[in-house]
Amino acid sequence: MNIHEYQAKAVLKEFGAPVSRGIPAFTPEEAEKAARELGGPVWVVKSQIHAGGRGKGKFKELSPDAKGGVRVVKSVEEVKASAKEMLGNTLVTLQTGDAGKQVNRLYIEEGAAIDKEFYLSMLIDRETSRVAFVVSTEGGMDIEEVAHSTPEKIVTFSVDPATGIQPHHGRAVAKALKLSGDLAKQAGDLVTKLYAAFTAKDMSMLEINPLVVTKDGQLKVLDAKISFDSNAIYRHADVAALRDETEEDAKEIEASKFELNYIALDGTIGCMVNGAGLAMATMDIIKLYGMEPANFLDVGGGATKERVTAAFKIITADPKVKGILVNIFGGIMKCDVIAEGVVAAVKDVGLKVPLVVRLEGTNVEAGKKIIKESGLNVIAADDLDDAAQKIVKAVKEAK
Ligand code: ADP
Ligand code: MG
């Protein structure tokens, strides 16, 4: 689960990390009020969307030479004018894709006098099963580009969970950033606080780009992005409350209400499958026959008729879906429950695209009978290969 920059900074502040003063705003009036409260003389108006590259981003509705999604301004009037331009408009950045993201929130922050910009991130390194640090002197820019063209400028190390964060980790960061004296001390202090925040809140990623040294010699977190481990959210009601559903795929939110493992994808074949492995195999074989899956969906082992109905409705509600493949290898999951769910969903919302059903396993005859007697226009398939070929063919013919 991702959160906004201003929320991430509030979390880091709780752990004592140095962040600038700032106030979130949802309207131009709130932005103006926030600017007065902060006092200036320099403010930064920052679009809050779940994507980076905002500074260099462009607003779809504004002229191409209008300023981007992060603006440094020098008067309260400019704060308000920028807020008016940003709110409700669509910001397109390197990370949003062409569709962009609508800006519904702003963060009004006091301007920092920047001397140097660095990069610092933390993530779970799955190879070592440890929390890893990634540090570079090349801050404020695209770290993928740095990794590509000057990989020697990136320093990484991981922390042994048995000992936790140690003074030598702080020294490693200071060295990587070429900091000495008081700034090296600040770096050590910051690293300790970030590690505490990362582990206490079950983060999976924390990216500070840039981490800056200000002209008066202070290390400061100027941008922050946090992703939390979704499997641990139940332990953190405070984190769950930060969720901004408007930033997420509506279909995925609906699916999570029914405890369905659903991920929206870009293709045209909607898939309803039981078991993550079979769902992967189904997606692969759809690709093998020349089309792309519209989603990953594992209805799980013990799905009820209601959950299956919900799943089928989520798939049919997706306008990208030109055909549906139901692929059930029933062990714990019973084929008749799947059939009942599909029939109930179609009764409710209709079926405008071809549907191929492959049922195998527990109560398979009962399942097939339910579908047959429902009068639904279903193409039956014998195995996975047959099912994939049939749905691809049906979609091509329906075009
Ligand atoms: P993004 O990474 O989405 O473009 P950032 O928060 O990193 O957004 O902002 C882009 C750039 O704007 C930063 O690299 C920094 O140079 C500048 N900036 C951001 N916040 C401030 C601030 N409070 N004071 C001064 N400059 C800022
Ligand atoms: Mg940034």
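Using the three backbone atoms N, Cα and C, a Cβ is placed for every residue, glycine included.
Per TrEMBL, substrate is bound by GLY331, ILE332, MET333; the candidate from ASN209, ASN231, ASN261, ASN274 named for the same site is ASN274. Cβ neighbour count within 10 Å across all protein chains ranks LYS46 highest among the binding-site residues LYS46, ARG54. For GLU109 (ATP binding site), the same-chain residues that are 6 or more apart in sequence and have a Cβ closer than 8 Å to its Cβ are SER20, ARG21, GLY22, LEU38, TRP43, VAL44, LYS46. Among the binding-site residues GLY53, ALA112, GLY331, ILE332, the residues whose Cβ sits under 6 Å from any atom of ligand 1 are GLY53, ALA112.
Cβ crowding, taken as the number of other Cβ atoms within 10 Å, peaks at ASP223 among the binding-site residues GLU117, ASP223. In the shown protein chains, 25 other C-beta atoms lie within 10 A of the C-beta of ASN274 (substrate binding site).
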